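A.B. asks: Have a look at this one.
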Amino acid sequence: MKKNTLLNSELSYVIATLGHTDEITICDAGLPIPDASQRIDLALIQGIPTFIDTVKATLTEMQIEGVIVAEEFKTVSPQMHDELMTLIAAEEAQCSKSITVSYIPHEEFKIHTRESKAIVRTGECTPYANVIFQSGVVF
């Protein structure tokens with residue numbers, strides 16, 4: 001469900017049409033995107049837009065109840081992983097709802113992206129900077 005105003009019309013539309021438990025993926029510039037998935041390609045150059053900025057913008061619009069990340073993200077890119085977890089904790093506090101965080105192997109993560117309504121590609125070049133958000137409800 002949408003919460004606010006997002007300038008990117010494709011991303012805004014996808015969020016507005018999400019039902020409870022539907023998923024979207026926000027990924028780095030290198031994650032393979034399945035041909036059958038809707039691709040929202042925001043990448044301009046390396047690092048623009050960043051993964052974290054894209055997550056922040058998405059969270060202003062999307063109510064989430066679950067997060068899936070690759071296990072490798074914690075060990076290979078711990079600083080960015082911690083930034084993401086800080087944003088998730090802030091989102092939990094703001095919406096007063098629990099958000100489940102699940103870790104799966106990266107190869108399994110890539111397969112799981114096929115379930116996403118859309119995959120949002122950023123310009124991020126940090127390894128494993130990918131997240132799947134599961135839509136919640138605002139009530």
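Just so it is clear, glycine is given a Cβ too, placed from its N, Cα and C backbone atoms.
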A.B. asks: Of the candidates ASP28, ASP35, which one does Swiss-Prot list alongside HIS106, TYR128, ALA129, ASN130 as binding substrate?
C.D. replies: ASP28
A.B. asks: Please name which of the binding-site residues listed here, ASP28, HIS106, ALA129, ASN130, is nearest in space to HIS20 (active site, proton donor), Cα against Cα.
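C.D. replies: Comparing Cα positions, the candidate nearest HIS20 (active site, proton donor) turns out to be ASN130.
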